[in-house]
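The active site annotation in Swiss-Prot covers ASP251 and is backed by sequence analysis. The feature Zn(2+) 1 binding site is assigned by Swiss-Prot to HIS17, HIS19, LYS103, ASP251. Feature annotation from Swiss-Prot assigns substrate binding site to HIS19, LEU20, ARG21, ASN45, HIS140, LEU223, HIS255, ALA267. As annotated by Swiss-Prot, Zn(2+) 2 binding site applies to LYS103, HIS140, HIS178, with the evidence given as sequence analysis. According to Swiss-Prot, the N6-carboxylysine annotation covers LYS103.
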Amino acid sequence: MTAQPQVLTIRRPDDWHVHLRDGDMLKTVVPYTSETYGRAIVMPNLAPPVTTVEAAIAYRQRILDAVPEHHAFEPLMTCYLTDTLDADELERGFQQGVFTAAKLYPANATTNSSHGVTSVDNIMTVLERMEKLGMPLLVHGEVTHSEVDIFDREARFIETVMEPLRKRLQGLKVVFEHITTKDAADYVREGNSLLGATITPQHLMFNRNHMLAGGIRPHLYCLPILKRNVHQQALRELVASGCERVFLGTDSAPHARHRKETSCGCAGCFNAPSALGAYATVFEEMNALAHFEAFASLNGPGFYGLPVNEGTVTLVREESVMPETIAIADDTLVPFLAGEAVRWTVKR
């Protein structure tokens with residue numbers, strides 16, 4: 001029997017999907033990401049959303065101002081697609097190195113997405129420009145029609161939006177973000193080199209029973225919502241397979257405690273403090289630690305055409321307990337796995 005590893009040292013990872021928010025929240029959460037990750041794809045769903053080059057430059061500076069001096073961190077900015085976005089503005093930002101990618105939110109799919117796209121037909125000119133530029137399209141893959149069950153919205157999106165779009169624009173580079181279903185796992189596995197995907201730690205570790213059975217756990221509520229066990233298992237098998245087009249994207253999405261623990265709570269898990277160790281735990285459980293570094297540190301840069309990070313990060317098998325809360329201004333955050341023992345800890 002092979003002895004359990006006590007230390008994991010990997011090339012410094014990146015987070016290919018994170019929400020850093022703004023204001024006091026941004027100042028609180030940025031260090032949790034910048035401490036561990038060399039780069040992060042920053043979501044643009046502020047209020048108002050990031051739709052111009054100038055707004056992205058200003059937001060990037062606010063992020064950098066919140067990075068502790070001893071952290072080496074590069075925020076990679078994204079443009080929020082709307083029905084009326086100017087393709088020339090998008091191209092200008094991409095050519096100037098301000099925008100790394102553009103984000104497609106179906107209108108009202110998640111937090112601050114009311115400005116999102118009502119139909120991909122409305123942004124076809126923009127998407128054609130992105131295809132020409134080789135600019136990645138990041139997709140929140142859910143339909144938002146009220147008659148479609150919330151647990152079916154990702155599968156329906158593949159059928160009615162994603163596949164028709166990729167057939168129409170066959171040179172478009174697409175990241176299917178935070179996939180949650182066997183349908184999506186199969187779709188990505190069978191896809192070509194222009195289709196990538198991110199997966200969150202919560203969707204690998206938990207299913208809807210964990211969120212709903214024996215009491216509602218609002219801090220596991222995120223969008224896309226946790227699915228049944230068969231889907232969780234499909235995601236775990238996908239990462240364990242070593243698929244080179246699947247990479248780390250935490251979708252860390254902080255909300256103040258009072259906005260989660262309420263009669264109509266917000267969607268999102270603040271997992272930045274524990275995500276890397278959580279991923280390592282899943283890979284170990286799947287006997288797939290041989291693929292952990294690629295998932296965390298190599299596959300994302302490979303898909304985006306960027307160099308891998310210099311330096312390394314070390315995780316140690318050292319059980320620690322996640323704090324119950326994290327202070328923010330005059331409120332608190334409840335982190336993912338709050339109060340729970342975690343198996344792998346990033347060595348500081």
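Glycine is no exception: its Cβ is also placed from the backbone N, Cα and C atoms.
Swiss-Prot feature annotations superimposed on the structure.
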residue	record	Cβ neighbours (10 Å)
HIS17	Zn(2+) 1 binding site	26
HIS19	Zn(2+) 1 binding site	26
ARG21	substrate binding site	24
ASN45	substrate binding site	23
LYS103	Zn(2+) 1 binding site	27
HIS140	substrate binding site	25
LEU223	substrate binding site	20
ASP251	active site	27
HIS255	substrate binding site	25
ALA267	substrate binding site	16
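With a 10 A radius on its CB, LEU20 (substrate binding site) counts 26 other CB atoms from all the protein chains. Among the binding-site residues listed here, namely HIS17, HIS140, ALA267, HIS17 has its C-alpha nearest to that of ASP251 (active site). Across the structure, LYS103 (Zn(2+) 1 binding site) and ARG21 (substrate binding site) place their CA atoms 16 angstrom apart.
Rounded to a whole number, the distance between the Cα atoms of HIS19 (Zn(2+) 1 binding site) and HIS140 (substrate binding site) is 13 Å. You'll find the Cα of HIS19 (Zn(2+) 1 binding site) roughly 8 Å from the Cα of ASN45 (substrate binding site). Here the Cα atom of ARG21 (substrate binding site) is found 18 Å from that of HIS178 (Zn(2+) 2 binding site). If you draw a 10 Å sphere around the CB of HIS178 (Zn(2+) 2 binding site), it holds 26 other CB atoms from the protein chains shown. A Cα-Cα distance of 9 Å separates LEU223 (substrate binding site) from HIS178 (Zn(2+) 2 binding site).
Look at HIS178 (Zn(2+) 2 binding site): DSSP puts it in coil. The binding-site residues listed here (HIS178, HIS255, ALA267) include HIS178 as those with a Cα within 10 A of the Cα of HIS17 (Zn(2+) 1 binding site). Whole-number maximum of the Cα to Cα distances across the substrate-binding residues HIS19, LEU20, ARG21, ASN45, HIS140, LEU223, HIS255, ALA267: 19 angstrom.
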